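Quick notes on the structure that follows.
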Amino acid sequence: MVNYFIISISFFLLEHFYSFYLNFRQSKLLKNLTKVPEYCKDRITQEDFKKSQEYSKAKLDYKTLTSTIQVLTTLLSFYYPVYPYFWNLSLELAEKIGYPNEIIRSCFFFAFTVGVSVITEIPFSYYYQFILEEKFGYNRMTRTLFIKDKIISTLLMIGFGLPILSLAIFIINWSGPQLWFYCWLLLVAITLLSITIYPTFIQPLFNKFTPVDGELAESIFALAKRVGFPASKDTIFVVDNSKRDGHMNAYFYGLFGTKRIVLYDTLVNELDKEELLAVMGHEFGHYKMSHTLKQMLLVQVHLVTLLYAFSLLINDDQLYQQFGFVSSKDSVLVGLTLFMFLYSPIDRIFSLLINIFSRKYEFQADDFAVELGFLNSNHLFKLHFKELGCLVYDPLYSAYHHSHPTLVERSNNIDKKVALYKLKNK
């Protein structure tokens with residue numbers, strides 16, 4: 001007999017203990033680093049460096065604390081059968097309203113688990129936003145906006161989650177052994193639909209998007225024309241992130257006819273035109289090399305693997321009984337919830353692989369910007385320092401957690417590409 005319960009708990013603890021070990025390595029590195037690293041000693045003052053170290057340490061301590069609490073609450077939820085309790089309560093409610101079928105019962109179960117997750121997360125996100133971020137001058141969010149965001153995001157989660165869940169349960173019960181294939185088709189359809197509706201209907205609920213204009217717009221459109229990006233007032237936007245915090249970012253997303261580049265207003269206000277164009281050159285690099293599509297394909301491989309493995313275990317009564325449920329006839333949603341605990345090591349492996357490709361894509365986008373004639377990394381340093389970004393990372397910690405290369409890795413890569421560019425264009 002396979003003891004799924006012991007395997008799941010062991011994997012869960014192993015993953016978190018390794019994460020704690022990496023946090024310890026990173027914390028020790030930060031503690032021992034008292035002087036500005038050589039690669040940026042002429043770019044940052046000792047005072048700003050010290051503040052950066054304090055911010056990095058505060059975030060790391062926060063991460064360690066929240067992970068510790070997550071481990072304890074998860075173990076307690078297994079020791080005291082919280083999930084079976086919610087499942088039985090869901091049946092009672094479904095019977096009271098006269099619809100004790102699996103879909104209605106699963107919708108109640110989903111609502112309970114989402115509700116508990118949202119409520120227990122609020123103190124941590126509040127602390128992070130209004131204490132940690134406030135301490136270092138980044139918080140600009142009001143408590144009213146904080147509450148509004150939580151309400152809207154929860155309603156969206158339930159509003160979209162319940163219909164998708166109901167459809168998924170129907171498909172799984174209908175499709176039998178081929179459930180992995182039909183569920184994958186459903187997820188592909190949902191992904192493509194979300195890419196279409198997210199920028200138009202979802203994002204405006206949280207932020208205001210203004211088309212880029214003026215001299216900056218003319219320069220960006222000229223650069224876009226050089227690289228073949230279909231730029232217009234409907235594809236490049238400035239978002240009012242400053243109403244939430246002082247952080248800066250730019251990102252490209254979308255496929256087919258929904259391609260967009262978004263610049264934070266904090267970024268536009270902080271960088272000069274040439275630096276902003278260098279940022280745009282990087283984002284255009286993601287577009288030209290189809291990084292969004294490639295990442296989406298990687299995610300599909302992950303999903304197919306997950307769904308196929310789930311199809312092999314969904315009818316195994318041992319999986320359910322070892323976690324306090326009656327049998328595999330309980331629910332598709334219960335089976336998926338339990339399976340995700342068991343699947344966590346494979347999920348982590350895929351996350352690491354996706355990080356490897358993501359880091360590679362960042363280097364490629366930087367290379368593309370160099371080929372456009374942006375021959376330094378000043379904008380990266382400026383952004384990093386304004387963000388009080390960590391200046392040194394333990395290599396194991398970075399490889400495990402980061403989807404982007406570190407500042408020194410990107411800077412060194414750009415310097416090498418600039419040298420080659422200058423040789424080629426003498």
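Cβ coordinates come from backbone N, Cα and C, glycine included.
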Study note, to complete from the structure: Out of Glu215, Glu218, Glu270, Glu362, Swiss-Prot lists as part of the Zn(2+) site with His282, His286 the residue Glu362
Practice item. Validate this pair against Swiss-Prot: Tyr62 and Leu383, same side of the membrane or not. Key: yes
Point to revise | Which of 4-24, 71-91, 107-127, 151-171, 179-199 contacts the transmembrane segment (295-315) most, counting Cβ pairs under 8 Å | key: 179-199
Practice item. Calculate the distance in Å between the alpha carbons (Cα) of Glu283 (active site) and Glu362 (Zn(2+) binding site), and round it to a whole number. Key: 9
Review point. When the number of other CB atoms within 10 A of each residue's CB is tallied over all shown chains, which of the binding-site residues His282, His286 has the maximum?
Key: His282
Point to revise | Listed in sequence order, residues with CB under 8 A of Glu362 (Zn(2+) binding site) and six or more positions away | key: His404, Pro405, Arg410
